[in-house]
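A.B. asks: Handing you a structure now.
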Amino acid sequence: MQVELLYHTPDPERAIATAARLCYAPVGAAELMEAMPEERVKSVLSTIMSAGHTSTLEHASYTFAVDGVSRALTHQLVRHRIASFNQQSQRYVKFTDGLATVKPESVAANEETNAVFDEAIAAAIEAYEKLLAAGVPAEDARYLLPNAAETKIVITMNVRELLHFFSLRCCNRAQWEIREMAHRMLELAKPTAPFVFMDAGAPCIRGNCPEGKMTCGNPYPRVKRA
């Protein structure tokens, strides 16, 4: 799995604070943004985050490139509706030189299950290539390709949605592959807006697990927002 931060709103925390202050200011956003001291930026962010007035977080966005993940992951990912996605197409990209796949550790750890997995993948690829050779369009032959098939995807989310995404997908109860991706995305985003992402992640970081009886019982260390 490779995760790269392609782009983000320049000075995202200042952009967010400017949007928040504009609601109560007699001057324009450009003037506010230029004149606001760094301490004021942090003060505004602290107010809106603690009060839950998070609509202003939508004014900053992040774009990530993700390679080497499975279709099983992206099927989960696209359930996050307030985001933009562009994914490698199995309709227009033919995998005639072999199909890369993602193999779960639980499968690879056992010789017997590893062999079963490899045989199933090989059979699917062989059947896929036979359909292509017979003139079946790639858009139809792809019906044979497994959830394990590797894919590439570009993801754009605003900060408000990113925080929601991290709260769900960084949790220990999230599926392992998307959890790993979420943690890598957070590691890349946090240095660009350290105050906003200070306590981003699973809800237990903020001291409250919403899972009830389904809790993992192994919470992350709590982070207290300054």
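The backbone N, Cα and C atoms fix where each Cβ goes, glycine too.
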A.B. asks: Kindly point out which candidate in Arg169, Arg173 is recorded by TrEMBL as part of the dUMP site with Gln76, Leu77, Val78, Arg79, Gln87, Gln88, Ser89, Gln90, Arg91, Arg142.
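C.D. replies: Of Arg169, Arg173, Arg169 joins Gln76, Leu77, Val78, Arg79, Gln87, Gln88, Ser89, Gln90, Arg91, Arg142 in the dUMP site that TrEMBL records.
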A.B. asks: Please pick, from Ser50, Ser55, Ser106, the residue that TrEMBL records in the FAD site together with Arg79, His80, Arg81, Gln87, Asn158, Val159, Arg160, His164.
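C.D. replies: Matched candidate out of Ser50, Ser55, Ser106, per TrEMBL for FAD with Arg79, His80, Arg81, Gln87, Asn158, Val159, Arg160, His164: Ser55.
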A.B. asks: Counting other CB atoms within 10 A of each CB, which of the binding-site residues Gln76, Ser89 comes out lowest?
C.D. replies: Ser89
A.B. asks: Of the recorded positions Ser55, Gln87, Val159, His164, Arg169, which sits closest to Gln76 (dUMP binding site) by Cα distance?
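C.D. replies: Going through Ser55, Gln87, Val159, His164, Arg169 one by one, the Cα closest to that of Gln76 (dUMP binding site) is Arg169.
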A.B. asks: Return one of helix, strand or coil for Gln87 (FAD binding site), based on DSSP.
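C.D. replies: Looking at the DSSP assignment, Gln87 (FAD binding site) belongs to a strand.
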A.B. asks: Do you know offhand how many angstrom separate Ser89 (dUMP binding site) and His80 (FAD binding site) by C-alpha?
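C.D. replies: It is 19 Å, counting Cα to Cα.
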A.B. asks: Taking every protein chain shown into account, which of the binding-site residues Ser55, Gln87 has the largest tally of Cβ atoms within 10 Å of its Cβ?
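C.D. replies: The most densely surrounded of these binding-site residues is Gln87.
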